[in-house]
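Trainee: When I checked TrEMBL for this same protein, it listed these features:
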ACT_SITE  HIS65  active site, proton acceptor
BINDING   ASP66, VAL69, GLY71, ASP73, SER75, GLU84  Ca(2+) 1 binding site
BINDING   PRO159  substrate binding site
BINDING   HIS189  heme b binding site
BINDING   THR190, ASP241, ASP249  Ca(2+) 2 binding site
DISULFID  CYS34-CYS111  disulfide bond
DISULFID  CYS67-CYS72  disulfide bond
DISULFID  CYS117-CYS321  disulfide bond
DISULFID  CYS196-CYS228  disulfide bond
DOMAIN    24-325  domain 'Plant heme peroxidase family profile'
SIGNAL    1-20  signal peptide
SITE      ARG61  site 'Transition state stabilizer'
Amino acid sequence: MKKACVFVALLLVLFLSVFGVQSQLSTDFYSSSCPNVLKVVRREVFKALQTEMRMGASLLRLHFHDCFVNGCDGSILLDGSDSEKLAAPNLNSARGFDVVDTIKTAVENECNGTVSCADILAIAARDSVVLSGGNSWKVLLGRRDGLIANQSGANSGLPSPFDSINTIITKFNNVGLNVTDVVSLSGGHTIGRARCVLFSNRLFNFSGTGAPDSTMDTDMVADLQKLCPQNGDGNVTTALDRNSTDVFDNHYFKNLLNNKGLLSSDQGLFSSADGVAATKSLVESYSSDSSLFMTDFVNSMIKMGNISPLTGSNEEIRKNCRVVN
Ligand code: HEM
Ligand SMILES: *[C@@H]1O[C@H](CO)[C@@H](O)[C@H](O)[C@H]1NC(C)=O
Ligand SMILES: *[C@@H]1O[C@H](CO)[C@@H](O)[C@H](O)[C@H]1NC(C)=O
Ligand SMILES: *[C@@H]1O[C@H](CO)[C@@H](O)[C@H](O)[C@H]1NC(C)=O
Ligand SMILES: *[C@@H]1O[C@H](CO)[C@@H](O)[C@H](O)[C@H]1NC(C)=O
Ligand SMILES: *[C@@H]1O[C@H](CO)[C@@H](O)[C@H](O)[C@H]1NC(C)=O
Ligand SMILES: *[C@@H]1O[C@H](CO)[C@@H](O)[C@H](O)[C@H]1NC(C)=O
C-alpha cells in the first residue's frame, strides 16, 4: 500500500514536471472550433492598417496594456467608470477600441461565442507587427476573458515614461519579465507615436537644469521645441521612432545610439546609469543585429502573452468586448 502510494506520487511528480510547467495555451486551440479565426482577424487588421498605418502600433500597445494588468484577460477592453481605459497610462492615449469591436464582430459572425477578446488582442498584435514589416510567430491561444477591470492596477503596474529604468525593470519583473524583455519589447516603439505631454519635460528645463535633456540630439530638441511649445497642445503627436515611423525594424535602437530616443524611458535604456549596463549592451546588440532583435522580440511577446491567462472553463468568452456577458 505504502509502495503504491509512493509510486503514484512519483508518477504525479513526473506528470507535472512534463506537463505542469507548460503553458495551458496552444497554437491550435481554435483549429476545430473556429478554423478561420486567424484569417478573419488578419483581414480586419489589414483593412484597419490600410485606413491608418498607425493602428498597428495602437493594437500592439493594447495587448501590452492588457497583459500587464492582472494578465492577458481582455480587461483593458471593458467600459465603465472603473475601467482601465480611464487609468492615467490609457486616458486620451490608448486607442483602437473601435477596431477591436470591428474585429470581434467579424469573428462572432464566423463562430459566435468561441474566441475570447483577450485572444483577439494577441492575434491582432502579431498581425500588426507582421503587416508593419516584422517577423511572424505562432500565437498561443486559449485565453478566456476576465470579469473585472482594475483601474488602480493599471495606474500602478503599467510603466510610465517618467519612471527610472530601474523602476521599469521592477515593473516588468513583477509580471515575470526580465531585462532582456524590457529592452526587446521597448523595441515595440519602432512604430507608433507619442504625445508632447509625455516628453516635453525634456525640451526646455529638464529636471530644473535650465536646459534641455543633454541626452537628446540638439537638432531634435530644436525641432520638438517647435512642435511642442511650452503651454502648447499636449496632445500633438510625433513619431516614437524618428525617420522610420511605420516600419517594424531595429531603427529604434539605432536612434538611441544617436540620442534620438523620444521618451526619457527610451533614451534611458542606452544613456542612463540604471540597469547595471545590461540595457545599454542590449541596445547596442539590437542596433547592429536586426535578426537578434526580431528573435528576442518574438520570444518576449510570447512570454508577455503568457502572463496569467484565464484558461479552461474559467470566467467567460465575452460576446461584446466592452461588457461582461
Ligand atoms: C518599457 C516601458 C514602456 C513605457 C514607459 C512606454 C510608454 C509609452 C508612451 C508614453 C507612449 C505614448 C502614449 C501617448 O502618446 O499617449 C507609448 C506608445 C506606444 N507603446 Fe509603449 N511603453 C513601454 C513599453 C512598451 C511595450 C512593451 C510595447 C509593446 C511591445 C509598447 C508599445 C507601444 C506602441 C506601439 C506605442 C504607440 C501607440 C500608438 O501610436 O497608438 N510600449 N508607450
Ligand atoms: C450563437 O448564435 C446563435 C444564433 O443567433 C444563438 O442561438 C447561440 O446561442 C449563439 N451561441 C453562443 C455561444 O453565443
Ligand atoms: C489590481 O491590481 C493590483 C496591482 O497589481 C492588485 O494588487 C490587486 O489585487 C488587483 N485587484 C483586483 C481586484 O484584481
Ligand atoms: C530573460 O529570460 C529569457 C528566457 O525567458 C532568457 O533567455 C534570458 O537570458 C533572460 N535575460 C536575462 C537578462 O536574464
Ligand atoms: C528651471 O526649473 C527650476 C526648478 O523648477 C527653476 O528654479 C528654474 O528657474 C528654471 N529655469 C528656467 C530657465 O526656467
Ligand atoms: C487632450 O485631449 C483631451 C480630450 O480632448 C483633453 O481632455 C485633455 O486635456 C488633452 N490633454 C492635454 C495634455 O492637452
Ligand atoms: C527626420 O524626421 C524629422 C521629423 O519628422 C524631420 O524633420 C527630418 O527632416 C527627418 N530627417 C531625415 C534625414 O529624414
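Each Cβ is built from the backbone N, Cα and C atoms, and glycine gets one as well.
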Trainee: Indicate whether ASP66 (Ca(2+) 1 binding site) is helix, strand or coil by DSSP.
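Mentor: ASP66 (Ca(2+) 1 binding site) sits in a helix per DSSP.
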Trainee: Can you list which of these recorded positions (ARG61, ASP73, PRO159, CYS228) have a Cβ closer than 6 Å to ligand 1?
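Mentor: With ligand 1 as the reference and 6 Å as the Cβ limit, the list reads ARG61, PRO159.
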Trainee: About how far apart, in whole Å, are the alpha carbons (Cα) of SER75 (Ca(2+) 1 binding site) and CYS67 (disulfide bond)?
Mentor: 9
Trainee: So, three-state DSSP: helix, strand or coil for CYS117 (disulfide bond)?
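Mentor: Going by the DSSP assignment, CYS117 (disulfide bond) falls within a helical segment, counted as helix.
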Trainee: Where the distance is taken from Cα to Cα, which of the recorded positions CYS67, CYS72, CYS111, HIS189 turns out closest to ASP241 (Ca(2+) 2 binding site)?
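Mentor: For ASP241 (Ca(2+) 2 binding site), the closest Cα among CYS67, CYS72, CYS111, HIS189 is found at HIS189.
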Trainee: Tell me, in order along the sequence, which recorded positions from ARG61, HIS65, CYS111, HIS189, CYS228, CYS321 have their CA within 10 Å of GLU84 (Ca(2+) 1 binding site).
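Mentor: Within 10 Å of GLU84 (Ca(2+) 1 binding site): HIS65.
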Trainee: Under DSSP, is SER75 (Ca(2+) 1 binding site) part of a helix or a strand, or is it coil?
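Mentor: In three-state terms, SER75 (Ca(2+) 1 binding site) counts as helix.
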Trainee: Determine, using Cα-Cα distances only, which of these recorded positions is closest to HIS65 (active site, proton acceptor): CYS34, ASP73, CYS111, HIS189, ASP249.
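Mentor: Spatially nearest to HIS65 (active site, proton acceptor) by Cα position is ASP73.
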Trainee: Given the disulfide-bonded residues CYS72, CYS111, CYS196, CYS321, which one is most crowded in terms of C-beta atoms within 10 angstroms?
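Mentor: Within the set of disulfide-bonded residues, the most crowded position is CYS72.
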Trainee: Taking the Cβ of CYS228 (disulfide bond) as the reference point, list residues of the same chain whose Cβ is under 8 angstroms away and which are at least six residues distant in sequence.
Mentor: CYS196, PHE199, SER200, LEU203, GLY234, VAL236, THR238
